[in-house]
Structure formats: structure tokens, C-alpha cells
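**Student:** Copied straight from TrEMBL:
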| type | residues | note |
| --- | --- | --- |
| BINDING | THR136, ASP210, GLU235, LYS265, ASP269 | substrate binding site |
| BINDING | GLY301, GLU302, VAL303, GLY304, LYS305, GLY306, GLU322, ASN420 | NAD(+) binding site |
| COMPBIAS | 45-64 | compositional bias 'Low complexity' |
| DOMAIN | 270-426 | domain 'S-adenosyl-L-homocysteine hydrolase NAD binding' |
| REGION | 30-82 | region 'Disordered' |
Amino acid sequence: MNIGELSPVFSAVPTHKPVKKQIQFVEEKQEFSRFPTKTGRRSLSRSISQSSTDSYSSAASYTDSSDDETSPRDKSQLNSKGSSDFCVKNIKQAEFGRREIEIAEQDMSALVSLRKRAHSEKPLAGAKIVGCTHITAQTAVLIETLVALGAQCRWTACNIYSTQNEVAAALAERGVSVFAWKGESEDDFWWCIDRCVTTEGWQPNMILDDGGDLTHWVYKKYSSVFKKIRGIVEESVTGVHRLYQLSKAGKLCVPAMNVNDSVTKQKFDNLYCCRESILDGLKRTTDVMFGGKQVVVCGYGEVGKGCSAALKALGAIVYVTEIDPICGLQACMDGFKVVKLNEVIRHVDVVITCTGNKNVVNRDQLDRMKNGSMVCNMGHSNTEIDVVKLELIVVRPQVDHVIWPDGKRVILLAEGRLLNLSCSTVPTFVLSITATTQVTWWLKPYHIYSLKSIEVNEYVASLHLATFDAHLTELTDEQAKYLGLNKNGPFKPNYYRYTSR
């Protein structure tokens with residue numbers, strides 16, 4: 001099976017949730033009491049918790065604190081149609097979530113226009129899609145587009161902190177079977193995935209995944225279901241890597257689509273989205289001024305490029321770590337000092353990981369970080385920072401202190417999970433580009449969308465140019481002949497990548 005835009009990729013996902021226990025050192029078996037308590041956490045963060053941490057929406061004012069202690073798994077909830085095939089924080093937040101989705105639709109006009117264009121044809125009739133992504137207002141527009149095109153969808157979250165509770169409620173109210181809420185436990189996370197996959201009289205035939213957890217779960221737990229899957233769409237570098245591992249072992253028996261490496265995902269979502277959302281996440285959680293701060297960005301792929309550019313623009317002194325000489329050279333020519341982490345770990349103020357790898361910041365390096373420094377992750381997986389067995393003392397939601405015996409404090413954001421979607425939001429317009437790419441790929445078997453790989457990317461880009469009132473120059477017949485191109489494109493060969501990797 002070819003691996004490219006239709007690409008098999010995979011492996012078991014390490015989901016290391018930090019163990020919030022006492023931290024012990026061999027030399028000084030010193031213990032620290034947990035503070036504040038769970039109740040303290042909630043009261044301290046009331047103004048920025050729950051829905052507002054998800055999106056800072058009006059739904060924050062609606063959230064009922066008396067409901068906080070009850071797990072959604074223990075509640076009996078019905079939507080207005082009498083269905084209980086969902087599990088969300090509070091179905092009564094649906095009205096607020098609908099407003100969030102409507103706002104997102106305004107900045108996702110290309111995707112909405114694609115929905116309207118193919119709505120009457122119902123090209124996805126018969127598709128039974130099980131999805132595991134961040135559940136945000138932007139994702140809701142994607143899900144509702146798939147439903148409008150004829151698909152049946154069941155959905156869960158790929159991150160325990162990124163779900164917008166009011167949006168999940170709005171989807172459930174519209175009849176989408178959603179199993180997700182902000183602040184799930186590790187057990188809740190896998191329970192939600194299982195509930196999406198297993199329901200009487202319904203079996204998925206398509207998977208839309210972000211990180212590979214859903215694909216891994218179906219492969220491991222429901223092998224007979226996995227063999228009947230017609231296609232997998234994976235949108236993260238972590239998930240793509242895991243699918244490649246599965247393919248290399250000869251165990252990937254279904255076609256898989258590598259959306260992460262598509263031009264529109266790499267050069268827009270990964271780059272521009274992270275360039276804006278990294279600052280949003282850092283500012284919301286810490287209120288830190290970055291002018292003059294020393295920051296090290298681990299990894300200079302598209303995510304690292306976006307983060308580095310944003311921090312440099314604020315006046316931060318930015319260092320970059322890289323394993324790839326090409327990306328390393330790009331960082332140098334962009335004006336960044338390329339270093340090994342150990343060379344700067346003692347004096348930098350902020351460490352940001354953007355690699356998709358594991359143990360990028362290990363325990364020894366955490367021990368050597370200076371008092372008051374900060375560490376966070378912009379990669380999909382929570383394996384980049386070695387936070388296992390560290391005691392996390394809660395400051396406010398997704399902000400923890402790790403305290404050493406000598407009193408040194410290091411700030412850890414989102415427990416080492418994806419910062420931007422755990423602690424803030426991401427630009428809607430950029431997500432429209434990725435979502436439109438995915439929907440176009442779903443529609444490829446139909447003649448009007450039977451585009452080649454690069455044509456899909458150029459088509460999606462063209463749909464979004466209208467937002468900027470942009471007018472592309474057209475080739476003359478003579479120019480097109482000189483370049484050997486069709487006047488209407490594609491303008492790049494099918495193997496072309498705008499990405500640096």
C-alpha cells in the first residue's frame with residue numbers, strides 16, 4: 001500500500017498522565033503536602049474555569065458549580081429529542097454552545113460553502129464515521145458538515161483538557177453522539193472512546209483521528225471492526241508516526257490518509273495557527289511579559305517555526321534545538337541560535353517542546369532549570385516532558401508548580417499536554433483550511449471532487465482567498481506553454497511539499 005496522501009501509519013500510544021503524588025528525593029526523603037485542595041482549585045479558578053477556559057465564551061457564566069463534583073458518567077441526561085446516546089458535562093449548555101458554533105461558521109465560510117454545494121447530493125450517505133479530535137466550535141462545524149453530507153457520526157475527544165463543554169452539549173442536542181468533557185480522567189478518556197466505538201446496531205466504517213488513540217483502541221480491542229474499516233484519516237504527526245509503525249509491521253490492513261503532511265495542514269494549521277495560539281496560551285495561563293525573556297524552542301518544524309517567530313516578535317531571546325541539519329540551518333538563517341538543550345537549560349526562562357517525540361525534556365534537565373522558569377508542550381502527545389512521578393501543586397486550571405526540596409519552583413502548563421488547545425483557543429480561520437481539506441478528501445471518490453493530491457490543496461487554498469478579497473494573476477497562454485502548465489493549475493507537481501520537512 002502506498003504511503004503519501006493515502007498513507008498508512010501507527011503504534012501504541014503512551015499516555016503518561018502525571019502522577020500527582022508526593023515527590024521524593026533519595027538524599028532528602030522530603031514530603032510536601034498537596035495544596036490547594038480540589039475544592040480550592042475550583043474556587044480559585046472560578047472566573048476562568050470550565051467553559052471559559054475552553055473558549056472564554058458566555059457559557060462560562062452559565063456553568064453551575066454545584067454540578068462540578070458529579071462525573072458526567074454518573075448523570076442521566078436527555079436532549080430535547082429524548083435521546084441519551086451521549087455523555088457531556090451539561091446538556092443545558094447547548095444554547096451557549098450553538099452560539100459558539102455560529103460564530104465559528106462566520107470565519108469558516110469556505111467549509112460552509114462546500115457543505116452547501118454538496119448538501120443535496122448527500123455524497124457521504126452510508127459513511128459511519130467515528131472521530132477522536134479536539135471538540136471545539138471549529139471541530140463542530142466540521143462534524144456538522146459531515147452530517148449534512150449524509151454521514152453518521154459518533155465523536156470523542158483526543159485531549160482531556162481541550163473539550164469545550166458547551167460545544168459538546170450543542171452537538172449532543174443536535175443528535176450527534178458525543179462522549180467528552182473538559183477535565184476527563186485517564187479512565188474517562190478511554191471509556192469515552194469505547195462508548196463511541198461500541199453501540200448496539202451501529203458499526204463504524206471510517207475513522208477520523210487526531211493522535212492515533214482511537215485507531216489504536218479499535219485495532220487492539222475490536223480487531224473484527226478494524227478489518228472492516230474502509231479508511232482512516234489522521235491529522236497529527238504523532239498519529240501519522242504510529243500508523244507508519246503499524247504499516248511497517250504489516251498490521252495496517254486498511255487504507256489510511258495522512259492529512260498532517262498535506263500542504264494546507266503543514267503550512268497553515270501547523271505554522272500560522274501555532275504562531276498565534278502559543279502566545280494566547282502562555283498569556284492566559286501566566287500573564288508573563290516576554291520581552292527580554294530567554295526562551296528555548298525544542299524543534300524547528302512548522303510548529304516550532306510559528307512559536308519561535310511569535311516569541312521573537314515580542315522581544316524574547318529565542319534559542320532553538322534541532323536534530324535535523326536542514327531545519328537547524330533554517331533556524332540559523334532565520335536569526336536563531338541553535339543549541340543543545342543542556343547548554344542553556346540552567347539560565348532560560350521558558351522551555352517549549354514542539355517535536356512529537358518523547359522525553360525531549362528529561363528529569364535531569366528539569367532538576368537543573370532555574371527557580372521560576374516555565375515548561376510547556378506544543379506537540380500533540382504528552383510524552384515530550386518527563387513529568388511522571390512529579391508532584392504537581394495546583395495554582396489554577398492547567399497551571400501547576402513543581403517544588404524541589406530547596407524551594408525551587410518550576411511552572412508546568414497543562415501537565416505537559418498540548419498547550420494551545422488545553423489553555424486557550426486557536427484561530428478559527430486556520431482550522432477552516434484544515435477542515436475543508438479533510439472534507440474534500442472525503443469527497444474525492446465523487447466526480448466533482450476527484451482531484452489529485454496537489455489539486456486538493458490548491459482547491460482548498462483558492463476557496464479561502466475570497467476572505468481576503470485576493471485576486472490571483474492568471475497566466476497567459478504563452479506563459480503557460482513556456483512553463484508547461486495548465487492555466488488553471490495545478491501549479492506544482494503532485495509530489496511537491498511546501499513543508500520544510
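Cβ atoms here come from the backbone N, Cα and C positions, even for glycine.
In terms of burial and nearby residues, how do these features look in this structure?
**Tutor:** In the shown protein chains, 25 other C-beta atoms lie within 10 A of the C-beta of THR136 (substrate binding site).
Counting every protein chain shown, the number of other Cβ atoms lying within 10 Å of the Cβ of VAL303 (NAD(+) binding site) is 28.
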**Student:** Run through GLY301, GLY304, ASN420 for me and report the binding-site residues whose CA is within 10 Å of the CA of THR136 (substrate binding site), in sequence order.
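**Tutor:** Of GLY301, GLY304, ASN420, within range: none.
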**Student:** Please compute the mean pLDDT of the model over the domain 'S-adenosyl-L-homocysteine hydrolase NAD binding' (270-426).
**Tutor:** 93
**Student:** If you draw a 10 Å sphere on the Cβ of GLU322 (NAD(+) binding site), how many other Cβ atoms land inside?
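**Tutor:** Its Cβ has 23 other Cβ atoms within 10 Å.
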**Student:** How many Å lie between the Cα of LYS265 (substrate binding site) and the Cα of VAL303 (NAD(+) binding site)?
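**Tutor:** Here the two Cα atoms lie 11 Å apart.
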**Student:** Cα-Cα, whole number of Å: GLY306 (NAD(+) binding site) versus ASP269 (substrate binding site)?
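**Tutor:** That comes out at 10 Å between the alpha carbons.
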